[in-house]
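Record features, source Swiss-Prot:
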| type | residues | note |
| --- | --- | --- |
| DISULFID | 36-75 | disulfide bond |
| DISULFID | 150-186 | disulfide bond |
| DISULFID | 223-260 | disulfide bond |
| DISULFID | 328-365 | disulfide bond |
| REGION | 22-189 | region 'First lumenal domain' |
| REGION | 183-206 | region 'Disordered' |
| REGION | 190-219 | region 'Hinge' |
| REGION | 220-371 | region 'Second lumenal domain' |
| SIGNAL | 1-21 | signal peptide |
| TOPO_DOM | 396-407 | topological domain 'Cytoplasmic' |
| TRANSMEM | 372-395 | transmembrane segment |
């Protein structure tokens, strides 16, 4: 019969596997065996590719077999090159993080992803074949000699690919070949629990913004329907040469307008000090819509440079099939430039084709789907555990009865 402690131990193992099975530790070392980069995270990849019958989506995870590609990774050389972490998996897949630093901070300046369209496991019936690559800057950054920590999902949009890092712990330019105990928390997590701003200062992260409904109408009717809450993260240098990051909520009192055209739908939100443009586009076959550009013009009265202009025209966020609506309850963080990023909360949006001023069929974001998988997986594990304990009990009972048989 099973030992009394076995079911409890089995349950702990099952839950531990569910919580940490997807994460992996990647370490880059110099020629002396000293670690200079450490990264621990799980990753998922959302890719749009073309087939003979239009666009298709492919979603896959960073496998447990992924490992550091030492030939492409490096600790860098001072004043010559910067540290690089390259992770290899599958047949030709590469995820590369290029680091850089200044006097006070280090960052992942660029993320590069190479994928293999000849891999039929992930890209069935792809029109194009071979290795393709995309890259983008990121807002992964931390103070020197501190660990970058982010419990929230980090999304990096790279053209037709979105890379999502989860439960990330990253540090480059290591001092003692290990993660620092001091952390810099990502903006998605909010301020660090140990960070207490001076009492006269307003909090760095305000309450969540209000969900606002937007409607853009053209000559042929409604071309954009949206319900979402928006928050702008602005980093700038004040007149006293102090660098600050502020989170500013879009208010229901701000003026909203927009325009419709066959290939671009624009939503403009204007306040006293800022003009925010969100531009939606379509893919080549006009089967998908997505947020392709975010542009901000802002006046900053207390800044060294009083005006801020930021734009990114190569985004691929908030994407769904034309005629359907994109919906995501999870907060999304859209990186625009190193000075500006946009947080989107509780979003539902539909562009180009809107029937009867109502949202079409819903396409949920990957993050919401992942959140549902955890309770389902835990429930499945517990059900399996109950079955195992029941079988062990019945086997033990049968053996006990066998011991009393007449000889």
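Glycine residues also receive a Cβ, built from the backbone N, Cα and C atoms like all the rest.
Distance noted between the C-alpha atoms of residue 260 (disulfide bond) and residue 150 (disulfide bond) is 38 Å.
According to DSSP, residue 150 (disulfide bond) is assigned to a strand segment.
In the three-state DSSP classification, residue 186 (disulfide bond) falls within coil. Neighbour list (residue 150 (disulfide bond), Cβ cut-off 8 Å, at least 6 residues apart, same chain): 140, 165, 167, 168, 185, 186, 188, 189.
Within the set of disulfide-bonded residues (36, 260, 328, 365), the lowest number of other Cβ atoms found within 10 Å of a Cβ is recorded at 260. Reduced to three states, the DSSP call for residue 260 (disulfide bond) is strand. If you draw a 10 Å sphere around the CB of residue 186 (disulfide bond), it holds 23 other CB atoms from the protein chains shown. For the recorded site, residue 75 (disulfide bond), the DSSP three-state label reads coil. Across the region 'Hinge' (190-219), the model assigns an average pLDDT of 67.
Of all the disulfide-bonded residues listed (75, 223), 75 has the fewest other CB atoms within 10 A of its CB. If you take the Cα of residue 75 (disulfide bond) and the Cα of residue 328 (disulfide bond), they are about 38 angstrom apart, rounded to a whole number.
Rounded to a whole number, the distance between the Cα atoms of residue 36 (disulfide bond) and residue 365 (disulfide bond) is 35 Å.
When the Cα atoms are compared, residue 36 (disulfide bond) and residue 328 (disulfide bond) turn out to be 37 Å apart. Note: the CA-CA distance between residue 328 (disulfide bond) and residue 223 (disulfide bond) rounds to 20 Å.
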